[in-house]
Amino acid sequence: MNYRHAYHAGNFADVMKHALLLALIRHLQRKSTGFYVLDTHAGCGAYDLAGLEANKTQEWRDGIGRLLDDPPEALKDYLTIIRDLGAPGRYPGSPLIVASQLRAQDQLVCCELHPEDVRILRRLFRDNAQVSVHHRDAYAALRALLPPKEQKRGLVLIDPPFEQPDEFAHLAQAIVESRRRFTTGMVAAWYPIKHRTPVRAFHNQLRDSGLRALLACEFTLRPPLDPGQLNGCGLLIAAPPYGFEKQAEELLGAMRPALDRDGAAETHVSWLVEE
Ligand SMILES: C[S@@+](CC[C@H](N)C(=O)[O-])C[C@H]1O[C@@H](n2cnc3c(N)ncnc32)[C@H](O)[C@@H]1O
């Protein structure tokens, strides 16, 4: 396990993933009944942007660093939460963002495999009885932790590091497995866009799976032609809330001008399979 999210925290990919994640949480909060979030690849929960790793890559400067000073209206909710959780000195990871939004009836379950990250994550939530942290493999955990025992509504966030060559295929299987086990829940799965070919194969695998209501939300910095570069990323949302495609377009459209480095950034929101 070489991947450490501390090098990438707060970059453009985190911004798009976390702004959409927060919007999905807002939908879950519209009803008073409790919701359940499973964060399968949780990371360590919070990242020091002045730390060694973030300093080495400085990726956050082209992500959250471009949005804090002049927040676009559509991103104000996300940026307020990010500030409340420590920006600009610290950038919160997905578990901290979700934990900050839990009401008494809601629950967050996190899985993380890296021994150091899981130790940090456990420390972060040691006094929070609504959050549990598991040191276990994400894909095996899906089978054990879904469906939730108490809540009928919720979200599975799957955010793998893409270190393995077969990660796209595993991700597609995990989306299908999550939806089949937690039929009333949503799934949000992050994927890199380096080159179109693996993304096309991933989309096709999902189209062939029989699942319905699959929405692809994508943000590219440049045409995805160089497989050696993270040219963009996507969040595949299975069973999104009604009307979410418009909201996703608005959120991605609002971040595009600030994140666009070379005048080539694009956003796409499209149904792989409609409801
Ligand atoms: C992209 S990072 C997660 C970032 C986090 N979701 C966020 O948005 O703040 C991926 C994480 O998955 C962890 N990881 C890698 N393989 C795993 C596996 N098989 N099961 C669980 N966690 C894994 C890595 O250690 C890393 O912390």
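Backbone N, Cα and C atoms are what each Cβ position is placed from, and that goes for glycine too.
No curator has checked TrEMBL annotations; they are predicted automatically.
TrEMBL names His41, Ser94, Glu112, Asp137, Ala138, Asp159 for binding S-adenosyl-L-methionine. Of His18, His27, the residue it gives for the same site is His18. For His18 (S-adenosyl-L-methionine binding site), other Cβ atoms within 10 Å of its Cβ number 24.
Ranking the recorded positions Glu112, Asp137, Asp159 by the number of CB atoms within 10 A of their own CB puts Glu112 at the top. All chains included, 23 other C-beta atoms sit within 10 angstroms of the C-beta of His41 (S-adenosyl-L-methionine binding site). Put simply, of the recorded positions Tyr3, His18, His41, Glu112, Ala138, the one whose Cα is nearest the Cα of Asp159 (active site, proton acceptor) is His41. Counting only same-chain residues six or more apart in sequence, the Cβ atoms lying under 8 angstroms from the Cβ of Tyr3 (site 'Interaction with substrate rRNA') belong to Pro161, Glu163.
When Cβ atoms from all protein chains are considered, those within 10 Å of Ser94 (S-adenosyl-L-methionine binding site) total 25, not counting its own.
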